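Chemist: These came from TrEMBL, pasted as-is:
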DOMAIN    128-524  domain 'Amino acid transporter transmembrane'
REGION    1-21  region 'Disordered'
TRANSMEM  131-150  transmembrane segment
TRANSMEM  157-178  transmembrane segment
TRANSMEM  207-230  transmembrane segment
TRANSMEM  251-268  transmembrane segment
TRANSMEM  274-295  transmembrane segment
TRANSMEM  361-383  transmembrane segment
TRANSMEM  403-425  transmembrane segment
TRANSMEM  446-466  transmembrane segment
TRANSMEM  472-492  transmembrane segment
TRANSMEM  504-525  transmembrane segment
Amino acid sequence: MNQIEAQHFIPKSQASVDDGSKLPDDWLGQVTATLCKSAAADANPKLGHGTSAGSHPFPLGNLSFQEEDRKGSAWELKFNHPLRTTTVDKISMLKIGFINQMVSGQWQSEKEKEKAIDDWLPITSSRNAKWWYSAFHNVTAMVGAGVLSLPYAMSELGWGPGIAVMVISWIVTLYTLWQMVEMHEMVPGKRFDRYHELGQYAFGEKLGLYIVVPQQLIVEVGVCIVYMVTGGRSLKKFHDVVCSDCKQIKLTFFIMIFASVHFVLSQLPNFNSISGISLAAAVMSFSYSTIAWVASVDKGKQEHVEYGYKSDTQERTVMRFLAALGDVAFAYAGHNVVLEIQATIPSTPEKPSKKPMWKGVIVAYIVVALCYFPVAFVGYWAFGNGVEDNILVSLSRPHWLIAMANMMVVVHVIGSYQIYAMPVFDMMETVLVKRLRFPPGLTLRLITRSAYVAFTMFVGITFPFFGGLLSFFGGFAFAPTTYFLPCIMWLAIYKPRRFSLSWITNWICIILGVLLMILAPIGALRDIIGNIIDKQYKFYQ
């Protein structure tokens, strides 16, 4: 199909065509004939020689209409194609109107279909969110159950490097999150509602997809699997603490119980419909984080506590240090859904969505700081390098408090799972409806979303040690999408002056992010191989 790119299709009161729009062939010949007969031959006889109705004397693949100047009732248009540029002057409004009449009916019907699909898809179906929606959505996405492993990461990093990594990560990720909020509406009249749409604008249609979508899917699907296992483990821990004399139940069944909730919740259509769940999850995440560090303070500094590296060899110390960097990267994974969250906020030229979104982000990052830093630092202070990879395990008493904290984790990961699953649902439904031409509706949504929940449940049951792979995924996929991909997009789109403050800042973030992406998986892979050799990973627990 030939493609006509139009910046302005005249007159503006009638149908308008956006850049890169594809139009059907049945009117293309008529447009070609009209243009050739009316003006092309006069402007350049060589191009117009032998022209007849329904034919075109030069390639239309890159033909573009560009409004240059209005002279009375005439317009000046430019025809651009790979071989030459020809200017056709003074085409009457009658002829332009004739072209519009041919196009408008078919084009409007196509636009209406497209709008109906967008109104059905989960990311673009509702745009009435308030600023506080973005606050608790970001808290739910960011403050995952990974916060409970931060004291363990500190024990592998040590006081100096640990504090530095935590604080620098907080600053860098806040900066890159600001960049994404700013870039959401960088093109007037257009919103980049999805991470890959921004990537396509920065890197090109195909390259942007290849760069962003695989990494985004690794993060979002990986987090959903981890939360499936985390939810099951927390349910099992709650059961074992409350009923210590009861018969032991396999972790598999608790994961299935946790998944059964998502078979129902996954049918909620969009972000705004899960706002209540997200709010509850945000409150729970702050609550169990507070329980973790307050209980650590109450327990006090343990006897014979040590703060040195506990590995017996220098090689293992280095590898665990690198793996801990991946754990920290996993803790700051909220960027993968930030554009999708901002897409739910209404926007006008007078009141762009970035203002309420940024207000919500500031509140969210204050909450993140209040959760991450006390848990990491106080937990490490209390237990030293003997802290468990889940701080709640080290805090074995009082039983009722630990049971309550584990149930809070369950509520939180229910909300977090839905936050990270929604962009995946959007990708699946977009492909099925727009490319494969499935009719949108309840049946399609029921099948696709249930299949996704079943898939994450199956992987979680099969690989209950999936959380042990977090360090690897944290460096491999979480670091690019969070630490430096937004900076690369910023440089590609805005092109700041070389050695300016913006240019230097972005390159510092890129270098730090690339180092994190390279080093963290090395240490994590070493740990994974060691655990496989020691047979610590067991399937179907």
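Glycine too: its Cβ is placed from the backbone N, Cα and C atoms.
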Chemist: Tell me, please, if the transmembrane segment (361-383) and the transmembrane segment (251-268) are in contact, taking contact as 3+ Cβ pairs under 8 Å between residues separated by 6 or more positions?
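Modeler: Touching, no - the transmembrane segment (361-383) and the transmembrane segment (251-268) miss the threshold of 3 or more Cβ pairs under 8 Å.
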Chemist: Taking 3+ C-beta pairs under 8 angstroms (sequence gap of 6 or more) as contact, is the transmembrane segment (207-230) in contact with the transmembrane segment (446-466)?
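Modeler: Stretch pair touches.
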Chemist: When only pairs 6 or more apart in sequence are counted, do the transmembrane segment (274-295) and the transmembrane segment (131-150) reach 3 or more Cβ pairs under 8 Å?
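Modeler: Yes; at least 3 Cβ pairs under 8 Å.
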Chemist: Taking the transmembrane segment (504-525) as the reference, which of 131-150, 157-178, 446-466 gives the largest number of Cβ pairs under 8 angstroms?
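Modeler: Of the candidates 131-150, 157-178, 446-466, 157-178 scores highest.
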Chemist: Please indicate, using numbers and ranges, the residues of the same chain that are 6 or more beyond the transmembrane segment (157-178) and have a C-beta under 8 Å from a C-beta there.
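Modeler: Same-chain contacts beyond the ends: 150, 307-309, 321, 324-325, 328-329, 331-332, 334-335, 338, 358, 361, 365, 368-369, 372-373, 376-377, 380, 482-484, 486-487, 505, 509, 512-513.
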Chemist: By Cβ distance under 8 Å, which residues at least 6 away from the ends of the transmembrane segment (446-466) in the same chain are close to it?
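Modeler: Beyond its ends, the transmembrane segment (446-466) has Cβ neighbours at 221, 224-226, 228-229, 232-233, 251-252, 255-256, 259, 262-263, 266-267, 421, 424-425, 428-429, 432, 531, 536-541.
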Chemist: Give residue numbers and ranges for long-range contacts of the transmembrane segment (251-268): same chain, 6 or more residues beyond its ends, CB-CB under 8 A.
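Modeler: For the transmembrane segment (251-268), the far contacts come to 228-229, 231-233, 235-236, 239, 274, 277, 410, 414, 417-418, 421, 425, 445-446, 449-450, 452-454, 456-457, 460-461, 464, 540-541.
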